[in-house]
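Q: Below you'll find the structure I mean.
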Amino acid sequence: MAGIGFELKKMLKDDSWFGLLKTYAYAGAISSGPWVLSILGIMLVGVISIGNKGATGTWLGEFLVSVTWLMSFSLVLSSLLQLVFTRFMADQLYMKNDHRILPNFIAALGLSTLVSGIFGIICWLVWFRALDFLYCTLMLMNFVLLCNVWLAVIFVAGMRRYKTILVVFLISYVSIAVLSTVLRAAGSNGLLTALLIGHTILLVSMLLMIFQEYTADRLLRFDFLKLKNIYPILIFIGLFFNMGVWVDKWMFWFTPATSDDVNGVLRASVIYDLPIFLAYLSIIPGMASFLLRVETDFVSTYQDYYSAVNDGATLGQIEDKRQTMTLSIRNAYTEIIKVQGVTVLLFFIMAEDIINWLELSPLYVHLYYIDLLSTAMQVLFLATLNIFFYFNFLKQAFWMSFGLFALNTIFTGLSLLLGPAFYGYGFALAIFITTIIGMVVLSNKINRLEYITFMLQRS
């Protein structure tokens, strides 16, 4: 996302408050991407549908839970390919093989469609076969579509057309909200149709942008599947990170005492799901800082450091570049903490009003507080993980992701045993511990960077 970051950075030359606000608004929306915008869109669909008094009830709940499951499992399944393909694309750009990117992307989309389609059909035949045929068909189509959306987002994130990207996202989710008013008479199937159309608009729009950006020497290439281009550890990093983010939700869904049956197959934990999804909306300012400071300021100093290494600079000059880069990392963390800290404080102050406005039980407030802190820490987790990727510290990134999954599983299990007063602490402790350890490891690595750069090179 450094390409977008550098373009947004130009907007900061406008020293006015409006210029600053506009830059952070663009950065927050783009860096948060479909994940946060989808939460906003689905919440809007819920609010609009609730206006249809007497007709919502079961089918609205079924729709909202269906979307949550679609998001969860599409993110996890697509993670098997996302980081591997991102690395392949980055390598091809570095080697000036731009003509190979588009045909490999088309092949990757085909593979994603095939794998997600087979996975979805198996789920249909094993667990969903007793449900309505149209509902299952829409779920399958939405699932395959979302897996492809997550893959396409990789490409558009690397483009500098931030205004177009933002407009595309907005059109997609506004379309979902508008279509939901037209199709809500058909119940959950109508809303799933609106979701399908909206995400189709999103995917097609992103594909058009990608086809305009890249050229191809042939229709299909499968270079990304060659052994020399596959980094198996990236598969597990992506998988464990996404499972680490979702495992606490799954455990609450499948624990009878904390969840309810929705349609005979899907389950939901109302007491746990709502606060965490509301809390995720608070990360937009922190993600904006992440994009502007890590993907822009840090990347500039990172490039300067390795340019000095490759150009044969003296050791003293290289050490100076490292110190400048270290300062940029420290400044990035500091700004993320400041921006997200102020945001969390504001949401803390407004928490009771937000819960009351949504007509939720006051019991949600305590869990909402915990989730606000957890999601804020997740921004720092992502920043640390991203910096590990830049330095190719893949083992450290793996253990950080695996640690999140393992600790979240253990601590969430303990919180379920201890009772409602401890709900939310599992994810909070897991993300806090792994983030702090990751930052300490990163600091130690950066302090030894010259040794790592020159003495630990592969022959």
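A Cβ is built for glycine as well, from the same backbone N, Cα and C atoms used for every other residue.
Annotations for this protein, taken from TrEMBL, read as follows:
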type	residues	note
TRANSMEM	21-51	transmembrane segment
TRANSMEM	63-85	transmembrane segment
TRANSMEM	105-127	transmembrane segment
TRANSMEM	133-157	transmembrane segment
TRANSMEM	164-185	transmembrane segment
TRANSMEM	191-211	transmembrane segment
TRANSMEM	231-254	transmembrane segment
TRANSMEM	274-292	transmembrane segment
TRANSMEM	332-351	transmembrane segment
TRANSMEM	363-391	transmembrane segment
TRANSMEM	398-416	transmembrane segment
TRANSMEM	422-442	transmembrane segment
Q: Checking distant contacts: for the transmembrane segment (105-127), what same-chain residues at least six beyond its ends satisfy Cβ-Cβ under 8 A?
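A: Cβ under 8 Å, 6 or more out: 74, 77-78, 81, 85, 89, 136, 139-140, 143-144, 147-148, 151-152, 155, 210, 214, 216, 219-222, 224-225, 265.
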Q: Cβ pairs under 8 Å only, please: of the recorded stretches 164-185, 231-254, 274-292, 398-416, which one is richest in them relative to the transmembrane segment (363-391)?
A: 274-292
Q: Report the listed stretch (63-85, 133-157, 191-211, 231-254) having the maximum count of Cβ pairs within less than 8 Å of the transmembrane segment (398-416).
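A: Comparing 63-85, 133-157, 191-211, 231-254 against the transmembrane segment (398-416), the winner is 231-254.
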Q: Please figure out which one of 133-157, 191-211, 332-351, 422-442 racks up the most CB pairs under 8 Å against the transmembrane segment (231-254).
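A: If we count Cβ pairs closer than 8 Å to the transmembrane segment (231-254), 422-442 scores highest.
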Q: Which residues, given as numbers and ranges, are at least 6 beyond the ends of the transmembrane segment (422-442) yet have a Cβ under 8 Å from it?
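A: Same-chain contacts beyond the ends: 244, 248, 252, 258, 271-272, 275-276, 329, 333, 367, 370-371, 373-374, 377-378, 380-381, 384-385, 387-388, 393, 396, 400, 403-404, 407-408, 410-416.
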Q: Hey, which of 63-85, 133-157, 332-351 has the most Cβ-Cβ pairs under 8 Å against the transmembrane segment (191-211)?
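A: Answer, by Cβ pair count: 133-157.
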Q: So if I exclude everything within five residues of the ends of the transmembrane segment (332-351), which remaining residues of that chain have a CB under 8 angstroms from its CBs? That is, six or more out.
A: 279, 282-283, 285-286, 288-290, 293-294, 297-298, 365, 368-369, 372-373, 376, 379-380, 383, 439
Q: Near the transmembrane segment (63-85), which residues from the same chain, at least 6 beyond its ends, have a CB less than 8 A from one of its CBs?
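A: Non-local partners: 35, 38, 42, 45-46, 49, 104-105, 108, 111-112, 115-116, 119, 139, 142-143, 146-147, 150-151, 154, 187-188, 191-192, 195, 224, 230-231, 234-235, 237-239, 241-243, 246, 249-250, 262-263, 266-268, 273, 277.
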